[in-house]
Amino acid sequence: MWNPWRENLKDTPKESLNWRLWYGVFVFGLMGAARGIDEGLIGTTAELEPFVKKFGLKDDSKSKHEQAELLSNITSMVQMGSILGALVAFFLTDKIGRLWATRMLCVLWVTGISIFLASARTGSIGMVYAGRFIAGIGIGQTTVVAPTYLAETAPRAIRGLCVCAFAGAVYVGIMLAYFASWGSSIHISSKTDAQWLVPNSMHLMFAGIIFTLSFFSRESPRWLIKVGRHEEALETLTRLRQLPSDHPYVQSEIIDINDQLNREREATMGTSWLGPIRELFSSKANLYRIQLSVMSQLLSQWSGANSITIYAPQYFAMMGTTGQNEKLFATAIFGLVKFISSILCALVLIDLIGRKRALSAGITIQLLSMLYMAIFLLIDNKISDKSVAQTSSQKHAAMGAIVMIYFSGFGWALGWNSIQYLINSEIYPLRLRALGGSIAMTFHFVNQYGNSKIIPLMFIGMTTGGTMMFFSCVTAVGLVWVYFFLPETSGKSLEAMDEMFNLPWHLIGRKGAQLTRGSGGMAEVMDTEGEKAVEVRMETVETVGTQRPEAKV
């Protein structure tokens, strides 16, 4: 039987791929649905008649600019809350651990959505804003807590697969949200608020499931070691790997974690609580890591894919799809395509072909799709006007543009969607992982907020074709950036990346993986006569049987 991970797993004990590992992947991966559900529901909810009427989204007394402003405020409020959520996630995940941070974010998530749903009774737009902002604080934390936990507990051979479970769950949420809105538009009367309340109750269901399942999960061994709970960390790791505590694979993981943490503590000894922040911005290696975090978020968020996800019904209307049910059905199929694509990429492509190749291929597909849509809308800018007759060639071109929406979804799933979480969970050392991830996801939501806020206004000011051409240019810049600056991290242990980021900056992206393949650290040893010191590379447990000193726990 063909196994795409056979080469990567050749040095990984089969016992470590057990139900405890997959349970943790399921619980923390499921948190990705938080973002997906919101992105999928809010754009489609804004198409449902009861919601439109209650909050005046298509009030004739308002100008098109005012209507666009109102829509953008409603959709972007979760992103605004998520900025705060991503910021506080750094403190919470390091202070109370990954598990309790998960439970607290679920409480915030439920509280906010409850306020949002209660606005149906009062018709208060203020309650809509407040509820979605509070929910955003919880949702924003998921993007830091979940990828951090998954990266820290997964065997490095399948770390990409495990972290991508989070990215895949985003599309589980999007797909279910799209189909829920489409189903409610068909089966629930448009004269009752239940048409939008029922699909939005999915938030409460998922938050409750994650909160409950977290009590049966194990804390991250890396966090336990970081806070000094060494015996508990060893016991947790043996359970996660289903291996005895003296097994070389377990011992090597413990040694790697302790070695890195000890180096970090020595480097920051005597510093205040500002030490990690100062450390993050004081070395060239860490500045390069920040550059990767910032640019990956900037280029991915402004490539246009997220705007299509949030405003999918409007995009299908731009390409000539008419009728509420038809737009919602096309949107639901779009969600299904993105879900299948994300599963395919997570299960096969990310770890099989590597992060960099997967991202380059995904961006190329997305670029070609966006460019087609941009050219189409610039040439045929009357497609959405049903009073203008379309020729046969124009109709075929419009059908091609609709197909390109689906292709752009596949390219996004293969490329930016997975990498923007995976890279930021891998590149930072343990001491800075939560802080680095928090900064990355804060920047993520700042850009997503700006994106969701300005898109309806860009359609008016820049025209739809001009907006899509802007996205195409950003996507092209992203492809160039990936080639020159993004290093390949597939197959490397989290503790083995320091050497790669200590290379000259112009070599990290293009040759970092080759120059540091299989190396983990440097140690100075004396020769037999004690006359000179030489540098010797220490293997970072690339094989199960590597001889290592016994770990102190």
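In case you wondered, yes, glycine gets a Cβ from its N, Cα and C as well.
Heads up, TrEMBL stuff is auto-annotated, nobody curated it.
Pulled from TrEMBL, these are the features on record:
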- 21-37: transmembrane segment (TRANSMEM)
- 24-490: domain 'Major facilitator superfamily (MFS) profile' (DOMAIN)
- 70-92: transmembrane segment (TRANSMEM)
- 104-123: transmembrane segment (TRANSMEM)
- 129-150: transmembrane segment (TRANSMEM)
- 157-180: transmembrane segment (TRANSMEM)
- 200-216: transmembrane segment (TRANSMEM)
- 328-353: transmembrane segment (TRANSMEM)
- 359-379: transmembrane segment (TRANSMEM)
- 400-423: transmembrane segment (TRANSMEM)
- 454-486: transmembrane segment (TRANSMEM)
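Under 8 Å from some Cβ of the transmembrane segment (454-486) lie the Cβ atoms of residues 64-65, 68-69, 71-72, 291-292, 295-296, 299-300, 302-304, 307, 310-311, 314, 318, 355-356, 359-360, 363-364, 366-367, 370-371, 373-379, 381, 416, 423, 508-510, all in the same chain and six or more residues away from its ends. When each of 70-92, 104-123, 200-216, 359-379 is checked for Cβ pairs under 8 Å to the transmembrane segment (129-150), 70-92 comes out on top. Distant neighbours of the transmembrane segment (200-216): 23, 26-27, 30-31, 33-34, 37-38, 41, 45, 99, 102-103, 106-107, 109-110, 113-114, 116-117, 135, 138, 173, 176-177, 180; these residues of the same chain sit at least 6 beyond its ends, with a Cβ under 8 Å from one of its Cβ atoms. Distant neighbours of the transmembrane segment (157-180): 5, 8-9, 11-12, 17, 21, 25-26, 28-41, 44, 146-147, 150-151, 198-199, 202, 206, 309, 312, 328, 331-332, 334-336, 338-339, 341-343, 345-347, 350-351, 355, 413, 417-418, 421-422, 425-426, 490-491, 494; these residues of the same chain sit at least 6 beyond its ends, with a Cβ under 8 Å from one of its Cβ atoms.
Model confidence over the domain 'Major facilitator superfamily (MFS) profile' (24-490) stands at 86, taken as the mean pLDDT rounded to a whole number. Using a Cβ-Cβ cut-off under 8 Å and counting only residues 6 or more beyond its ends in the same chain, the transmembrane segment (400-423) has close neighbours at 143, 147, 151, 160, 163-164, 166-167, 170-171, 292-293, 296-297, 299-300, 303-305, 308, 312, 315-316, 319-321, 330, 333-334, 337-338, 341-342, 344-346, 349-350, 355, 358-370, 372-373, 376-377, 444, 478, 486, 489.
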